[in-house]
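Structure, as structure tokens:
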There are 2 protein chains.
Amino acid sequence: MKLDRRLVIKILEEKIKSEGIVLGSDILKVNSFLNHQIDPFLMSQIGQAFAEKFSHENISKVLTIESSGIAPALMTSLQLQVPMIFARKHQSRTLNEEFFSASVYSYTKQTENQIAVSKRFINPGDRVLIIDDFLANGQAVQGLLDIINQAGASAVGVGIVIEKRFQAGHQLILSKNLPLVSLASIDRFEDGQVVFSKQGETSHVN
Amino acid sequence: MKLDRRLVIKILEEKIKSEGIVLGSDILKVNSFLNHQIDPFLMSQIGQAFAEKFSHENISKVLTIESSGIAPALMTSLQLQVPMIFARKHQSRTLNEEFFSASVYSYTKQTENQIAVSKRFINPGDRVLIIDDFLANGQAVQGLLDIINQAGASAVGVGIVIEKRFQAGHQLILSKNLPLVSLASIDRFEDGQVVFSKQGETSHVN
């Protein structure tokens, strides 16, 4: 079953409003349906929404980072009928020449992680769609783009379940001329409540 | 589309034979389709196979551990139409009274991890199906059972994509009178090749 994409966005926004917990000025916890407990029906609809949006891009691989990106990326890849790859977070010492790797700084945790993808799984000529659960400062997407670049492959777009539009990641992706589809786009937090952007979920450049 | 379960097992065994890499006496790497790059069609069939096997158990939650368990657990939960929860690996210092937690020792990495599940997501009365990608010594399953027990919920079975039947986990689960469904059951490694068990994929006690 496939719901209309606008309805999927509506359901997602309602879930965020009713179950999301705003902490401070820029943290949103949605671990009841997105990144600890998962609502598989909603996740399936999210995957179908991304697949529809990028169906004409001739995508050959879907790429994400463990752990929270795996569910939406898997559902998207199922619909697009292409393999999904999740970058692993590594400690530097375990990396070797079999991997593409990049550094990702987490502002939330204030830690630097190495992420890595086996060189066997991304090749020149691959057309890669990046999927992730959250977009904040864009460091994770930046790391994945770095890996795609090392592989000589092409990034064809970025699909995000929830973006905090007021942080740097949104502009970072647009500045690279990459199509960005953010299903739920948060304009700001106000008195502990989520205010969604009126701009709609898609930001294409050109 | 749902393939017959025996065909799913056959496809899985062929993938293991053609793409799996045996390292030493007890390590099997299957990162081309199971736990780094993922074949979404096969994963969907795996989820449907588990769901069929446990369809009469009135399951209310599917439980796994990040990261490699997420894909098969998500596909199973989609089919059973119940929430999926993935336990998070934590450093002890970040845990608090909001979480059920347990220690899991990894023989492969020779490290001890804390795994944790928010108390909000498993409740007394829940009937929980455990899903994981691999079964070796059973430490991960043991940790999840510990958490289910702390919650006052019931574990109703364990679904494993690939079990190494010659290690301790298989007997550990049976000794607890838990139904165990292992789709691919490896009897032993012989000259760097995988030899599958002739016992079939299901081990019920009673």
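Placed from the backbone N, Cα and C atoms, the Cβ positions cover glycine too.
Residues or ranges marked as xanthine binding site in Swiss-Prot (evidence: sequence analysis): A:Leu28, A:Asn35, A:Lys164. For A:Leu28 (xanthine binding site), the count of additional Cβ atoms within 10 Å of its Cβ stands at 19 [all protein chains shown].
Counting every protein chain shown, the number of other Cβ atoms lying within 10 Å of the Cβ of A:Gln139 (5-phospho-alpha-D-ribose 1-diphosphate binding site) is 20. Summarising the annotation, Swiss-Prot assigns 5-phospho-alpha-D-ribose 1-diphosphate binding site to A:Ala136, A:Asn137, A:Gly138, A:Gln139, A:Ala140 and lists sequence analysis as the type of evidence.
Of all the binding-site residues in the list A:Ala136, A:Asn137, A:Gly138, A:Gln139, the shortest Cα-Cα distance to A:Leu28 (xanthine binding site) is found for A:Ala136. Using a 10 angstroms CA-CA radius around A:Lys164 (xanthine binding site), the binding-site residues that qualify from A:Ala136, A:Asn137, A:Gln139, A:Ala140 are A:Ala136, A:Asn137. Here A:Asn35 (xanthine binding site) is positioned 18 angstrom away from A:Asn137 (5-phospho-alpha-D-ribose 1-diphosphate binding site), judged by their C-alpha atoms. Highest Cβ count within 10 Å among the binding-site residues A:Ala136, A:Ala140: A:Ala140.
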